[in-house]
Amino acid sequence: MDIKDESQIEFTITSFSTCCRLCLSSNENEHYYDIYLCSLASNGEITFMEAIHRITNIELISNSKLPSKICKLCSARLDDAFCFIRDFHRTNEMLQNYLDNEEMDKEDGDDIDLSTVQELCELDLTHQQIAMDEEHENQCKGNKQCDNKSASNEPELDNESEDHAQSDGEKRTLTAVDLILQQITVPPSKSKRRTDKSTLKHHCTECDK
């Protein structure tokens with residue numbers, strides 16, 4: 001078992017020009033990609049060399065004597081690894097930004113802007129003042145209508161007073177007239193009729209005539 005493994009390693013190492021850079025396999029019937037010239041299937045702008053450098057942080061040199069080919073299976077594995085790391089970084093950044101924004105929103109909610117509160121209070125007071133002014137204006141209008149109604153009723157009251165006064169005056173006038181008429185129409189009391197001097201007989205006491 002150990003001898004077989006060592007023979008495979010010796011065979012692979014002796015075939016640098018045709019073996020895969022990752023799995024060290026060599027097959028003349030299999031298609032290999034040049035890691036310096038070919039790109040990933042998922043991203044045509046990223047070469048296999050750049051993908052290997054991003055994943056392993058190992059910089060490859062094109063003029064080295066090391067294998068420069070990669071098999072089809074290893075190219076798919078490299079593409080999957082590159083996409084996994086890329087997606088992980090994107091997701092991690094998105095989650096971190098979400099968490100930061102949530103903390104900022106919480107801090108903003110805890111910190112009260114006094115200027116905003118003051119503006120809201122002033123706006124509320126303005127609305128209250130407007131409502132009070134409107135209510136006062138309505139009351140003034142109501143009082144004015146009452147005053148106008150009272151003023152319009154005053155002439156009627158004056159007329160009624162004048163009518164009553166006139167009626168009382170007429171009653172007083174009629175009463176005085178009635179009194180005068182009563183005095184005029186009252187028959188004089190019967191008094192003893194005075195004897196006319198011419199008809200009276202003189203009776204002398206001396207001569208008895």
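Numbering starts at 1 and runs along the chain as displayed.
Backbone N, Cα and C define each Cβ position, glycine as well.
All annotation found in TrEMBL is predicted automatically rather than curated by experts.
Quick look at what TrEMBL lists:
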BINDING   CYS20, CYS23, CYS71, CYS74  Zn(2+) binding site
COMPBIAS  162-173  compositional bias 'Basic and acidic residues'
COMPBIAS  196-209  compositional bias 'Basic and acidic residues'
DOMAIN    18-98  domain 'ZAD'
REGION    134-209  region 'Disordered'
Have a look around CYS71 (Zn(2+) binding site) and count the other CB atoms within 10 A of its CB, chains all included. 21
DSSP-derived structure type at CYS23 (Zn(2+) binding site), helix or strand or else coil: coil
I'd like to know the mean pLDDT over the domain 'ZAD' (18-98). 90
For the domain 'ZAD' (18-98), jot down how many residues DSSP puts in helix, in strand and in coil. 36 helix, 9 strand, 36 coil
CB neighbours within 10 A of CYS74 (Zn(2+) binding site), counting all protein chains shown, number 20
Output field, Zn(2+) shell: CB within 8 Å of site CB centroid, site CYS20, CYS23, CYS71, CYS74 dropped: CYS19, ARG21, LEU22, LEU24, SER25, TYR32, LYS69, ILE70, LYS72, LEU73, SER75
